[in-house]
Amino acid sequence: MTVLYDEIMVRYGELSTKGKNRGYFINRLAKNIREVLADMPELKITAVRDRAHIELNGADYAEVSNRLTKVFGIQNFSPSIKVEKSMPIIKKEVVALFKEIYSEGQTFKIATRRADHNFELDSTELNIALGDVVFDNFSYAKVQMKKPDITLRVEIRQDATYLSFEDIKGAGGMPVGTAGRGHLMLSGGIDSPVAGYLALKRGVEIEAVHFASPPYTSPGALKKAKDLAAKLTVFGGAITFIEVPFTEIQEEIKAKAPQAYLMTITRRFMMRVVDRVREERGGKVIINGESLGQVASQTLGSMSAINEVTNTPVIRPVVTMDKNEIIEIAEKIDTFNLSILPFEDCCTVFAPPSPKTNPKLENCIQYEKRMDVEGMVDRAVKGIMLTTIAGENWDQTEEEEFADFL
């Protein structure tokens, strides 16, 4: 079957429930769609109250369709053929389309929407006229109003007529950014990218905070984390990647805290740093990939001791999931194979052999009195480096910009 499409009609998901904020949600979804399709300048994207329209202008439909299936906030979309707003031409194009898509034994239905009320026929008359032309040209034609094999949608707009027959399922959820901004603690593991994905699905715009401890962690580990952030851009556009210099803090903790408390105190410092970054950059929540009971720092006792350093809400999207459930999502969003690459992050490099599973808060506070907590956090926050990850080829763009600078 060869059908050349001219436009894609996008239908919104949960936006129908958003009342007075509907316009904001629609504009944000349109922005996200434009970002995801930014390298295809021939596209023209228009968003209106109940749907968005993407004029292809010769762009590769298959590539556009593949990207749209991942954008949160889209319920479904339909590729359309644009034809002249004239009954003889509409009939001719309907017959030509049915020759491509309609087979003996199938049922069909015509569903017309008339946005141009000055058109010569109303919706009912159009349904009858186009149904008749199908019967006239296909002896085996059989109409069925409920759940037909093919529903031909005909939309009469001011500029032209649009024919469509496919509904492609979107990602659902809410447009990224409509729930505000959150800061994702992105390691190089399996869990945190999945947590980021699930936060994106509910409309949270994420900035990815990654703790790097050179020379203990390698440039490869840093690139891996950026590549993981890039995998998440397909769901709603560019992500700001925030690299935190963490070497001083980890060396100080290792020198001044008992081995059993290294992990707990390290996580407390991470929480302090990410909370400061969140505050400075207008975030509302902290997001991490903790899964209850998976490792020593993710018991209820450990989480309680770590959380004590902040009053900011901490969202843990995968907290109740089994590892297999998390892996299933990681494979679905194409982060799993990256996550299992053998680069150590700052937590694994300094991990003690027998960490406390139920650390006492008073002990954490006592050990931290040996350190310049505020000064260390200040220096880490002042040393952050920001990178805009605008797609999976972010490193090529970075190289091109560097070459231009030279």
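The count begins at 1 with the first shown residue.
Each residue, glycine too, has its Cβ placed from N, Cα and C.
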For the ATP site, Swiss-Prot lists Met185, Leu186, His210, Phe211, Arg267, Gly289; sort out which one of Gln158, Gln298 goes with them. Gln298
Treating G and I as helix alongside H, and B as strand alongside E, what does DSSP give for the domain 'THUMP' (62-167) in helix, strand and coil? 37 helix, 29 strand, 40 coil
Indicate whether Gly289 (ATP binding site) is helix, strand or coil by DSSP. coil
Listed binding-site residues (Met185, Leu186), ranked by Cβ neighbours within 10 Å, top entry: Leu186
Would you mind checking how many other C-beta atoms are within 10 angstroms of the C-beta on Gln298 (ATP binding site)? 20
At a 10 Å cut-off from the C-beta of Arg267 (ATP binding site), count the other C-beta atoms across all protein chains. 24
